[in-house]
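Copied over from Swiss-Prot:
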REGION    4-184  region 'Large ATPase domain (RuvB-L)'
BINDING   I23, R24, G65, K68, T69, T70, E131, D132, Y133, R174, Y184, R221  ATP binding site
BINDING   T69  Mg(2+) binding site
REGION    185-255  region 'Small ATPAse domain (RuvB-S)'
REGION    258-336  region 'Head domain (RuvB-H)'
BINDING   R294, R313, R318  DNA binding site
Amino acid sequence: MIEADRLISAGTTLPEDVADRAIRPKLLEEYVGQPQVRSQMEIFIKAAKLRGDALDHLLIFGPPGLGKTTLANIVANEMGVNLRTTSGPVLEKAGDLAAMLTNLEPHDVLFIDEIHRLSPVVEEVLYPAMEDYQLDIMIGEGPAARSIKIDLPPFTLIGATTRAGSLTSPLRDRFGIVQRLEFYQVPDLQYIVSRSARFMGLEMSDDGALEVARRARGTPRIANRLLRRVRDFAEVKHDGTISADIAAQALDMLNVDAEGFDYMDRKLLLAVIDKFFGGPVGLDNLAAAIGEERETIEDVLEPYLIQQGFLQRTPRGRMATVRAWNHFGITPPEMP
């Protein structure tokens, strides 16, 4: 799988991405973009604090790299409580989840990333914990086994997923608040890039930040990653100052084009156009044609291409739009 090698893949977290934690917003007033999410969460958090209650359980979903973990941290900071972090694949046994739940303080936030990957056994334990703040666990084995109930303090579960459709209905229905994160607009990304540049001590023009933002695929994680590579280019090839021209040169060298596409995006679109005459083409055939897994196409490649109007998902398969044909300078076929 080539996803891990892609500079603009938001689905993989590089070691240097961890350094971004220092520049992530800590409070809602610092949170840029997602205006509807921000305004709603501001009300929900204030209401919970006025009542002295734990915030309702929160499900955050959307493409990778849009700030689901950041939003979970902000919620905990705004509520003035601790944040405990884990992920679906890590919670292999019911005891793993029980250990985390019994260590929570009142109103604490438990953040489970990739919550769609919870095992059915762990999920069953989660239901009464979310609904009644109770933990039902089995002690012993065989005929001597017995169930005991443990009362839990009121807490907030925040689940994050890129695949909301993979959640079971019983789990999804137990979240009182559901927020979808959308791709960011270019002006918001420009602000994020400029802010990150200041934190990194870089001299960067507004146009330079705009150039990076335009090619960041609507994703803050990618914007910050591109910024670091542009910084490297500016320091080695120039005097370290990042202008629009320097940013464009650096990103062209990295094969990230003006639409934010890299070689995998272009490979996918060209496969649909050249090998399947623009489509429709089934997902399995497309995955085989470009040597990728269907999950990577669905979760990583497709969302941005569809959102930007380059790819269309139809009942018969994927189709390249006229905009995709024009992007490569190829004349689209006449419509019947």
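Each residue's number is its place along the chain shown, starting with 1.
Note: Cβ is positioned from N, Cα and C throughout, glycine not excepted.
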Shell list (DNA; ref centroid = CB of R294, R313, R318; cutoff 8 A): V281, G282, L283, L286, I297, E298, E302, L311, G317
Inter-residue Cα distance where the pair is R294 (DNA binding site) and G65 (ATP binding site), in Å: 20
Distance from I23 (ATP binding site) back to R313 (DNA binding site), taken between C-alpha atoms, in Å: 36
Between R318 (DNA binding site) and Y184 (ATP binding site), the C-alpha gap once rounded to whole angstrom: 24
C-beta crowding around T69 (ATP binding site), within 10 angstroms: 18
Helix, strand and coil counts within the region 'Small ATPAse domain (RuvB-S)' (185-255) (DSSP): 51 helix, 2 strand, 18 coil
Number of other Cβ atoms within 10 Å of the Cβ of R318 (DNA binding site) across all protein chains: 25
Rounded Cα separation (Å) that holds between I23 (ATP binding site) and R294 (DNA binding site): 34
Site with most surrounding Cβ atoms, counting all protein chains shown within 10 Å, from the binding-site residues G65, R294: G65
Length of the line joining the Cα atoms of R294 (DNA binding site) and Y133 (ATP binding site), in Å: 38
Cβ neighbours within the same chain of Y133 (ATP binding site) - under 8 Å, at least six residues apart: D151, L152, P153, P154, F155
Three-state secondary structure, which DSSP defines for R318 (DNA binding site): strand
Reduced DSSP assignment, T69 (ATP binding site): helix
